[in-house]
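Data first, discussion second: the structure below is written as structure tokens.
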């Protein structure tokens, strides 16, 4: 009986420690369409995804005109990636539910390779990676000059 109580207390102690450690990591999972994009941006840039909405000519809804800078070039590439997902899956990538895991400055897609969800998630991860280290120019927020 004493050995059983000691084993139970040891197991409970280990579980408490594991749960406490897990609560203090920066790991995060999501199963939402645009939420995966938000998480990738935040993980790779430490900026809000809203900072990139309506930035330059290609960040945000729509897109067209001259590419303004390196950030806008990443948005252009992301638009083309989403276009590719649409062409192969016949669904808009931003409405495909994906499973993404972000921790310690990087993200991975958890959907099965080759699926539409994996393709859409990969666009978001590549976008976050592209943005990492690119200078953010406040003057390009809300600015896409007419050519």
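Quick reminder: no glycine exception, Cβ is built from N, Cα and C everywhere.
Whatever TrEMBL says is automated annotation, not expert-curated.
Taken from TrEMBL, the feature signal peptide applies to 1-27. According to TrEMBL, the feature Ca(2+) binding site maps to 58, 60, 62, 79. What TrEMBL lists as disulfide bond is 59-75, 74-130, 81-123, 89-116, 109-121. Residues or ranges marked as active site in TrEMBL: 78, 124.
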- Query: What is the interatomic distance between the Cα atoms of residue 74 (disulfide bond) and residue 58 (Ca(2+) binding site), given in whole Å?
  - Reply: 9
- Message: For the disulfide-bonded residues listed here (109, 121), tell me which residue's CB has the most neighbouring CB atoms inside 10 Å.
- Response: 121
- Query: For residue 109 (disulfide bond), what is the secondary structure state per DSSP, taken as helix, strand or coil?
  - Reply: strand
- Item | Of the recorded positions listed as 58, 60, 78, 79, the one whose CA lies nearest the CA of residue 109 (disulfide bond) | 78
- Write out, in the order they occur in the sequence, the residues of the chain not among 58, 60, 62, 79 that have a C-beta within 8 Å of the mean position of the C-beta atoms of the recorded Ca(2+) site. 57, 59, 61, 63, 64, 75, 76
- Could you round the CA separation between residue 130 (disulfide bond) and residue 58 (Ca(2+) binding site) to a whole angstrom and send it over? 14
- Out of the disulfide-bonded residues 75, 89, 121, 123, give me the one sitting nearest to residue 60 (Ca(2+) binding site) by CA distance. 75
